[in-house]
Structures are given as structure tokens and as C-alpha cells.
């Protein structure tokens with residue numbers, strides 16, 4: 001009875017009208033695959049389609065990893081743009097219904113402005129040494145935040161000038177919508193880029209854990225699921241949640257052990273002045289060198305990073321899925337099945353990356369809290385911004401300090 005009354009509410013009718021033009025899900029399948037699975041029951045048909053495109057996506061991820069950190073960063077940017085487009089398209093349907101001026105243009109303008117700020121911050125942090133040597137870029141580095149804020153102010157003024165008296169509430173709602181989308185998508189991609197610079201293992205392992213948890217939770221739920229987990233996502237079961245969690249912990253330990261063997265994955269990505277390019281070469285830190293541990297009276301040799309991966313896998317299994325539940329609630333609020341239909345059997349890009357963004361934030365916080373140490377490159381970038389007399393003062397102070405500790409002997 002309550003449901004029937006709610007369906008009559010003007011807000012519900014408005015939402016139903018709004019989403020008519022939105023893509024509704026995962027039914028778009030290539031003709032060849034559609035023909036191959038046409039004889040299967042609906043349940044198994046969806047299982048096969050999801051499985052095929054999961055393998056394609058995992059294989060593509062492997063190719064991107066082979067392409068190196070630049071390929072990962074470009075992919076992150078492309079995924080960010082597509083996720084933003086899928087979120088904004090829901091708000092854009094309001095724009096189309098009411099003819100609100102400039103909503104779509106303003107949304108993309110704010111996306112470009114945000115990317116200029118965040119990606120500029122990364123360039124200054126990790127490439128400040130080389131950038132400061134180029135006279136024509138020093139202005140952009142020194143006043144990066146001021147320029148970013150100026151660009152934002154231009155968009156802010158643009159929005160205020162576009163206000164229409166009849167639609168104040170809807171326009172301010174869409175303004176907030178855009179900024180929430182930026183917070184969810186752009187900020188998280190900025191953190192992902194930072195994680196990559198700390199060493200690709202800090203990107204590959206967490207992303208793979210979320211994928212593993214998603215796949216194994218689906219498998220356990222498909223074959224053994226009987227107990228509903230949460231109303232927001234009726235197909236999720238306790239059996240899938242628990243089974244996916246155990247599988248993710250085991251996978252995380254094994255995959256971390258494998259990646260710890262290779263400098264390519266564990267070394268931070270830094271600009272090498274001698275080679276004049278981005279380099280992945282280092283003496284692996286303590287985290288990535290085998291250590292002996294006493295466990296229950298037995299000596300076990302393992303990589304310290306594996307203990308950190310245990311924390312990552314627990315988060316990806318217990319908290320990570322709530323990113324998906326959040327997305328499910330969002331979709332239910334607007335009565336849509338998926339954010340898009342780009343990936344058959346899965347939905348849109350945002351449907352596959354809803355948990356990844358939450359995981360990226362956790363990894364970045366985890367690194368800054370328990371792992372990161374001062375970087376000589378970042379310190380040098382700050383030193384280069386000092387005045388000559390300040391640089392000289394710093395040099396003399398550091399020289400005196402090193403001589404006092406018998407680390408430097410000029411004589």
C-alpha cells in the first residue's frame with residue numbers, strides 16, 4: 001500500500017519522466033555472442049556474457065600494465081572522464097527536460113579545471129626538479145594554485161550569470177551534482193595517480209583485489225547464495241560476501257608475493273636527471289626484501305609487503321563492496337539498472353569502478369600514514385623555488401650538519 005502511494009508522488013513521476021532517455025542497462029550484446037548463448041536459460045546466459053567480458057577486461061588490464069606507468073595514468077584519465085560523463089548524463093536529462101542553460105558546458109568546464117589543478121599538483125610534486133629548470137614553465141609552477149583558482153572563479157561567475165529565476169532550485173541542485181561528481185571521480189583519480197608514483201604495486205594489487213572480490217563474490221553467490229545481504233542490492237548474498245572475502249585474502253597474498261620479485265613493480269616512479277626520463281630503478285626497500293618472522297615457534301620467510309597486502313585485502317573485502325552498495329542505492333533512487341551499457345553483462349564504466357574509487361582513497365591514506373618517507377626529489381623541487389640567498393643558506397647549513405656528523409669530509 002505504501003509503495004502504491006509513493007508511486008503517485010510528484011517526485012516519483014518526475015524521476016520516471018527524467019530517466020526515460022537514460023541508458024538502462026546491460027542487454028546490449030554483440031550479435032555473435034548473442035547467437036552463441038541464445039539457447040541458454042537467462043541465468044546462465046548472463047553468467048556466460050559476464051564471464052566473457054570479465055576475461056576481456058582482465059586481459060586488457062594486463063596489456064595496459066605491460067605498457068607501463070604512463071599507460072596506466074592515461075587509462076585512469078580516460079576512465080575518469082567516462083565515469084564523469086555517465087554520472088552527469090543523469091543530471092543532463094534534467095537539463096534537456098527544462099532547457100536549463102549551460103549545464104553541460106559548465107560541467108565539462110569544471111572537469112577540465114579540476115584536472116588542471118590536480119594533475120598539475122602531481123607534475124609539480126614528482127617532476128618539479130626538471131620543470132623548474134625550464135624558464136617558461138616556472139611561472140606555471142609558482143602560480144599553479146592561483147591560476148587554478150582563477151579558472152574556477154571564471155566557472156563560478158559563469159554559473160551565476162546563467163541562473164534563470166524560474167529554475168533557481170534545479171540549477172543549484174545541478175551545480176551541487178557536478179561538484180559531487182567531481183569529488184567522487186576527479187579527486188579519486190588524483191589519488192590513484194599518486195599511488196602509481198609510489199610504485200605500480202600499490203596500484204596493481206588493490207585494483208586486482210577489487211576485481212577478485214567482485215568476481216569471486218559473484219561466483220560464490222551464483223552457486224551457493226541463499227541468504228540476502230542488503231536490501232539495496234537484492235542479488236548480493238552473505239555466501240558471496242564471505243566467499244569473496246576469503247578468496248580475496250588468499251589471492252592478495254599470492255599476487256603480492258609474485259610482484260615483490262620484480263623492481264618494475266615495486267620501485268617508485270621518479271624522474272632520472274642523468275637519463276633525462278622517467279625511470280623505475282631502485283634498490284628495493286625493506287618492504288620488498290624477504291625477511292624472517294617467528295610464527296608459532298616456526299621461522300617463516302616472507303616479504304613485509306605481504307602483511308600490508310593483508311590489510312588491503314581485508315578492506316577490499318569488507319568495506320570495498322559498500323562502494324558498490326552506494327552506487328546501487330544511487331541507481332535505485334533514479335530507477336535505472338546501470339550507469340550505462342558500454343560493457344555487456346556489466347553495465348557502464350562507473351558500474352565497474354564504483355568500488356575502485358573507495359579503494360584508491362584507502363590505499364593513499366594507508367601509504368601516507370604507514371609507508372611514505374620524505375622524497376629527495378620533492379625536497380629538491382621545493383629548494384629550487386627558493387631565492388638564491390636562501391638556497392645558499394640551506395646549502396651551508398646542510399654542509400655544516402654533515403661535517404659535524406662526519407658524513408662529509410671536504411678536506
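Using N, Cα and C of the backbone, Cβ positions are placed for all residues, glycine too.
What TrEMBL lists as transmembrane segment is 47-79 (among others).
Tertiary proximity for the transmembrane segment (100-119) is limited to same-chain residues at least six positions away from its ends with a CB under 8 Å from its CB atoms, namely 77, 80-81, 84, 88, 91-92, 94, 144-145, 147-148, 151-152, 155, 158-159, 162, 164, 167, 170-171, 174-175, 178-179, 181-182, 186-187, 189-190, 193. Summarising the annotation, TrEMBL assigns transmembrane segment to 100-119 (among others).
As annotated by TrEMBL, transmembrane segment applies to 143-162 (among others). For the transmembrane segment (143-162), the list of distant contacts is 101-102, 106, 109-110, 113, 116-117, 120-121, 124, 171, 175: same-chain residues at least six beyond its ends, Cβ to Cβ under 8 Å.
Annotated transmembrane segment per TrEMBL: 174-193 (among others), in sequence order. Only residues 6 or more beyond the boundaries of the transmembrane segment (174-193), in the same chain, are considered here, and those with a CB under 8 A from a CB of the stretch are 73, 76-77, 79-80, 83-84, 87-88, 91, 94-95, 100, 103, 106-107, 110-111, 114-115, 118-119, 121-122, 159, 203, 356-358, 360-361, 363-364.
Here TrEMBL flags 199-225 (among others) as transmembrane segment. Sequence-distant neighbours of the transmembrane segment (199-225) (same chain, 6+ residues past either end, Cβ-Cβ under 8 Å): 47, 50, 54, 58, 61, 65, 69, 72, 192, 235-245, 247-248, 251-252, 255-256, 259-260, 264-269, 280, 288, 305, 309, 312-313, 316-317, 320-321, 324, 355-356, 359-360, 362-363, 367.
For the transmembrane segment (237-259), the list of distant contacts is 201, 204-205, 208-209, 212-222, 224-229, 265-266, 302-303, 305-306, 309-310, 312-314, 316-318, 321: same-chain residues at least six beyond its ends, Cβ to Cβ under 8 Å. Taken from TrEMBL, the feature transmembrane segment covers 237-259 (among others).
According to TrEMBL, the transmembrane segment annotation covers 305-327 (among others).
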